[in-house]
Amino acid sequence: MASQTVPQATAERLPLYYRTLQQLVANGKTRISSSKFGELVQIDSTTIRKDFSYFGALGRKGYGYDTQYLMDFLKKTLYQDELNRVILIGVGHLGTALLNHNFLKNNNTQIVRAYDVDPKKIGTKVSGTKVFAMDELAANDHHEIVAAILTVPAAQAQEAAEKALASGIRGFLNFSPTTLNLPENAYVRHVDMTVELQALIYFLNHSMETKNS
């Protein structure tokens with residue numbers, strides 16, 4: 001692999017590339033050009049070639065990319081060749097939905113524990129995943145846990161993240177509509193559906209205004 005530092009924007013596109021390659025391989029497609037691949041992922045082919053260049057020579061001029069090789073390479077790069085265990089904090093409507101889904105289409109990621117403050121939920125199981133009390137978060141062994149999914153109300157998110165951090169967890173996927181104040185050695189990805197919808201509505205209206213002008 002090339003020793004260059006991979007830009008964050010490139011890293012964020014890799015899962016999309018990997019998922020698309022999985023579909024191509026499953027459909028029997030053995031090779032693909034950057035232009036055709038760009039059409040599938042809706043990203044300019046120049047950007048795709050630049051993204052892949054950070055990892056060395058992954059394709060051949062005049063041939064394109066070997067889909068199986070590239071898929072296997074990205075699988076290893078994204079650590080999808082090993083089981084990634086995560087926990088979920090907050091077993092409300094969204095948390096329950098995530099537990100019911102539990103990455104069924106991705107055998108390399110699994111929610112192994114859930115945490116909540118509701119006495120009625122503690123000790124129960126949701127689709128096979130046991131719900132623990134928040135007080136047990138720091139006591140449980142989390143050395144094999146790669147991340148915590150936060151689906152708690154905004155007012156509880158900071159405290160929940162701090163408890164998870166104290167238990168040894170450094171990665172967070174935050175669905176709570178608030179910003180977390182954590183040390184530099186913690187990595188947070190925010191998923192705010194309200195913000196995403198607002199951006200979508202803006203772009204839709206902006207596109208219509210541009211066409212009508």
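For all residues, glycine too, the Cβ spot is worked out from N, Cα and C.
Among the features that TrEMBL reports, DNA-binding region is placed at 16-55. Across the DNA-binding region (16-55), DSSP assigns 28 helix, 2 strand, 10 coil.
The domain 'CoA-binding' feature in TrEMBL is assigned to 79-179.
Cβ neighbours of Leu94 (NAD(+) binding site) (same chain, under 8 Å, six or more residues apart in sequence): Thr151, Phe175. Sequence annotations record features per position, and here TrEMBL assigns NAD(+) binding site to Gly90, Val91, Gly92, His93, Leu94, Gly95.
In the three-state DSSP scheme, Leu94 (NAD(+) binding site) falls into the helix class.
Counting other CB atoms no more than 10 Å from each candidate's CB, the binding-site residues Gly90, Gly92 peak at Gly90. Less than 8 angstroms from the CB of Val91 (NAD(+) binding site) sit Leu99, Ala114, Tyr115, Asp116, Asp118, Lys121, Val126, Val131, Thr151, each of them six or more residues away in the same chain.
With DSSP classes pooled into helix, strand and coil, the tally for the domain 'CoA-binding' (79-179) is 25 helix, 31 strand, 45 coil.
What surrounds the NAD(+) site, by Cβ distance within 8 Å of the Cβ centroid and not counting Gly90, Val91, Gly92, His93, Leu94, Gly95, is the set Leu88, Thr96, Ala97, Leu98, Asp116, Thr151, Val152 from the same chain.
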